[in-house]
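> Sequence annotations record features per position, and here TrEMBL assigns transmembrane segment to 42-64, 84-105, 173-196, 216-234, 241-263. Among the features that TrEMBL reports, domain 'K+ potassium transporter integral membrane' is placed at 50-301.
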Amino acid sequence: METVSTNEDTGKGAMWELEKSLDQPMDAEAGRLRNMYREKTYPTVLMLQLAFQSLGVVFGDLGTSPLYVFYNIFPEKIEDTEQIIGALSLIIYSLTLIPLVKYVFIVLRASDNGQGGTFALYSLLCRHAKISIIPNQHKTDEDLTTYSRQTYDEKSLAAKIKRWLEGHQFRKNVILILVLFGTCMAVGDGILTPAISVLSATGGIKVEEPRMGNDVVVIVSVVILIGLFSMQHYGTDKVSWLFAPIVFVWFILIGVLGAVNIYTYDRSVLKAFNPIYVYHYFKRGKTSWASLGGIMLSITGDRSTVC
């Protein structure tokens with residue numbers, strides 16, 4: 001009763017107190033949300049866990065490439081040992097430089113508050129330049145989300161590119177078509193690559209079992225693919241935990257076998273770490289340049305690259 005009488009005396013009831021608590025400036029909340037991404041810190045254990053999981057979803061296909069890379073590089077004959085060392089040197093520096101340049105300096109920097117992909121980058125581009133078909137540069141969106149925009153000097157390269165993109169509707173449509181085309185390519189690769197890889201792996205059984213017919217290979221491949229795609233709805237986290245230990249054991253085995261064979265048979269193969277052999281390899285002429293398709297298998301893991 002005392003509480004009610006107090007509220008009556010002041011002329012302010014409980015509803016007024018609720019409205020007062022709700023009717024607060026959103027500056028603090030907006031600032032907290034805007035800085036949400038920058039405030040994230042990840043412990044070392046979590047980073048190691050994510051690195052281990054990446055073995056199952058990123059490096060699995062790459063780890064099987066050594067099985068057929070050299071077969072596709074030299075489909076006819078090998079002239080001498082230096083040719084093998086040159087091809088191996090080119091593979092080593094392809095695996096080193098392409099991830100370094102592509103992922104470390106480009107992909108990891110091309111993100112929308114940590115989100116990657118064609119649509120995320122297109123959304124980021126649309127917030128900086130008025131090239132979107134649907135308006136998306138509302139002030140309220142910037143205040144209440146992490147999608148803040150930056151300002152550039154009028155004479156900077158970014159400002160010039162922005163004006164060029166906004167100058168004609170045709171350029172806006174081309175960018176949208178490229179985004180849709182890139183997304184379709186990613187989806188297509190996600191469908192075709194597993195099918196080709198599984199079919200190739202199953203077909204490899206025929207090496208040991210020549211009596212195995214093509215119809216059996218197709219049926220077994222279909223069963224495996226159905227099982228793989230049926231697990232996708234569990235999410236990348238659970239799928240990676242399933243395949244990461246398998247890929248990890250595979251890497252340990254091929255690493256140990258490689259070290260033992262290098263120590264036992266020919267240690268001169270370590271000369272491939274010298275990039276001068278890449279230069280000598282290309283000096284051989286047309287044959288070396290024609291083998292680049294096979295060397296690309298070492299960084300794609302997809303046999304269809306040279307098909």
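Here the Cβ of each residue, glycine as well, is placed from N, Cα and C on the backbone.
Automatic, uncurated: that is what TrEMBL annotation is.
The shown structure was predicted, so the numbers you read here are calculated from the model rather than taken from an experiment.
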> Count the CB pairs under 8 A between the transmembrane segment (42-64) and each of 84-105, 173-196, 216-234, 241-263, then give me the winner.
241-263
> Counting only residues 6+ away from its ends, which parts of the chain sit with a Cβ under 8 Å from the transmembrane segment (84-105)?
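Result: 69-70, 73-74, 78, 268-269, 271-275, 277-278, 280-281, 284, 288, 291, 295-296, 298-299.
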